[in-house]
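The following features are taken from TrEMBL:
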type	residues	note
REPEAT	19-50	repeat 'WD'
REPEAT	61-102	repeat 'WD'
REPEAT	103-144	repeat 'WD'
REPEAT	145-186	repeat 'WD'
REPEAT	187-228	repeat 'WD'
REPEAT	229-261	repeat 'WD'
COMPBIAS	279-292	compositional bias 'Polar residues'
REGION	279-313	region 'Disordered'
COMPBIAS	302-313	compositional bias 'Basic and acidic residues'
Amino acid sequence: MDSCLMIWSMKPQMRAYRFVGHKDAVMCVQFSPSGHLVASGSRDKTVRLWIPSLKGESTVFKAHTATVRSVSFSSDGQSIVTASDDKTVKVWTVHRQKFLFSLSQHINWVRCARFSPDGRLIVSSSDDKTVKLWDKTSRECIHSFCEHAGFVNHVDFHPSGTCIAAAGTDSTVKLWDVRMNRLLQHYQVHSSVVNSLSFHPSGNYLVTASNDSTLKILDLLEGRLLYTLHGHQGPATCVAFSRSGDLFASGGSDEQVMVWKTNFDADYGDALKTQKSCSTVDGSHHTGQSEMDSGIHHKKTKTQDSGRNHEQQEVEASLANTLEHIMGQLDVLTQTVSILEQRLTLTEDKLKECLENQQKIIQNKTN
């Protein structure tokens, strides 16, 4: 692995940034909530805070004594939490750029650490097979979840802050209620180690990445597997939703970073768009659901007779949702086929190159 940090622009024809500073492999990276800063952790035992610009300036944070596996901002962007092979979780201040305190009850490498949405709690996962919940103010461990049968690679808070999800080497994904400290859901959908997971901003879906080379989309409301996505050749090592939820990105040991379009929760995106529109027009506040419903109703009134009854409208809305869901599935299949075609072309090129080299060797021997 190289020691560089790469930042790509989603706009066409925009160059990528390559930041150099770490002395060993970069293990983790995250944008601040504002997008104005980037934090990274490395095998060189340091955390760096970057300004994503052409200069690529960074500030070095030193306190860990081993590889830094995880780095994450608080929701207000004022703090950073890190996890390390030195068996500690550390909290840092962004503004003053200094180390604040350490949490030290894990007895093996700490793989991941995250703040709760309100910043009051911290959750961490470790090779000691536990997930620990910490009170940030008292700096005490308030609960340990011990249901995993292997190392726990990744953990994160649900957007509501009421539950957490964790993934591990036992090939499972588990969700716990942090108010009652009880197991809510258990998924065994992968055939190998689960390396990473990410909640959709709506809180209704979870995406996971595994050594079995697949990504899985879980429907948390119905408690079932929704999609299996193929694309990586080899282990899928990380995955994350964008802040808006309309995209997610995955990385793998095949040295590929893939960006996927989200199409399984169109209603959430419509609700956000409607919310922005309503706030601009009249400044009033409504719930996402009521705005989404009113937006759909407004659109229908332009094309439907006033005499059409409510029951017919519900049937048409149901059919529209079903068709939209089918189109979404077709879109995912199309993307997957496109990726497979690219892989096949690369394989054919490699095979052709090998055959040409073999012919040259044979010719050299005969001469």
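Even glycines carry a Cβ here, placed using N, Cα and C.
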Exercise. So, by DSSP, how many helix, strand and coil residues make up the repeat 'WD' (229-261)?
Worked result: 0 helix, 19 strand, 14 coil
Seminar exercise, completed: For the repeat 'WD' (61-102), the averaged pLDDT of the predicted model is 96
Seminar exercise, completed: Taking DSSP helix as H, G and I and strand as E and B, the repeat 'WD' (145-186) has 0 helix, 23 strand, 19 coil
